[in-house]
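Pulled from TrEMBL:
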- 84-264: domain 'ABC transmembrane type-1' (DOMAIN)
- 27-50: transmembrane segment (TRANSMEM)
- 91-116: transmembrane segment (TRANSMEM)
- 148-169: transmembrane segment (TRANSMEM)
- 190-209: transmembrane segment (TRANSMEM)
- 215-235: transmembrane segment (TRANSMEM)
- 242-260: transmembrane segment (TRANSMEM)
Amino acid sequence: MTSSSLRVSRRQRWFKHVQRLPVFRKVLLGSLGVVCFLALWQLICMVGLLKLPTPLKVIADTWELIIDPFYTGSGNDVGLGWQILSSLRRVAIGFSLAAIAGVGLGMLIGASRVLYDAVDPILQVLRPVPPLAWLPISLAAMRDNEPAAIFVIFITAIWPIIINTIVGVQQIPKDYKNVARVLRLSRKDYFLNILVPATVPYVFTGLRIGIGLSWLAIVAAEMLIGGVGIGFFIWDAWNSSLVSEIIVAVIYVGIVGLVLDRSVAFAGRLLSHGDEAHS
């Protein structure tokens, strides 16, 4: 066997070994994908196919913004860290209210066929309304930017939570209900021992969709209402022709959205013991 064939054989064995390590394999392939994406971006911009700054120029233009995310200036002149936290505060309030109301209403509607038939047309009409379509209505009703933005988050997130909770309640096996009747479980025992465990996977499916929509909605809404927030930061950077700052902010938005999604998914796996629901 030649030395070149030996090297090929060693590389093949190493690659097969890496494939047996799921975490390492994901990190390796993910890092490779990022590097390839950045290289392609750099190449496309250098040859002039896109009129955007290259990755290296983005880093050079926004270095101070990256290394000092909690800079505090005057008025709305604050770092990206404060902008993100301001948006997250609005999301936390709106999404929490949507989760409480959505799960409660979903269980109530799912448990009653009559109530479900009565409200289903309303759900199907309001569910597809885009988040920003609610903003003028909320501004007209509340006359204040802050509660209007929180309402947009609430109304955007609540529909998938309600619908998935309804599905979870309706999918409870009849055997479970028959056992509850035979054992003469009280409403409290039925709720704690049958209803909640059976619907948790569905509820967290709705929560996971809702948190993603909440983050999407607040970024879009902040572009219109102004103030401190990552959405307004992006819009202000656009008005100032600071494209590099826009790109960095978009990357931050994506990272935060990923963390929010993974956090809700992790909590769902813990509470549902790894079960997943799809609707």
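Placement of Cβ uses the backbone N, Cα and C atoms for every residue, glycine included.
Where the annotation comes from TrEMBL, it is an automatic prediction and has not been curated.
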*Long-range neighbours of the transmembrane segment (91-116), counting only residues six or more past its ends (CB under 8 A)*: 149-170, 195, 199, 203, 206-207, 210-211, 214-215, 218, 260
_Surrounding residues of the transmembrane segment (215-235) on its own chain - C-beta under 8 Å, 6+ positions past either end_ = 76, 78, 80, 82-84, 86-87, 90-91, 94, 131-132, 135, 139, 145-146, 148-149, 152-153, 156-157, 245-246, 249-250, 252-253, 256-257, 260
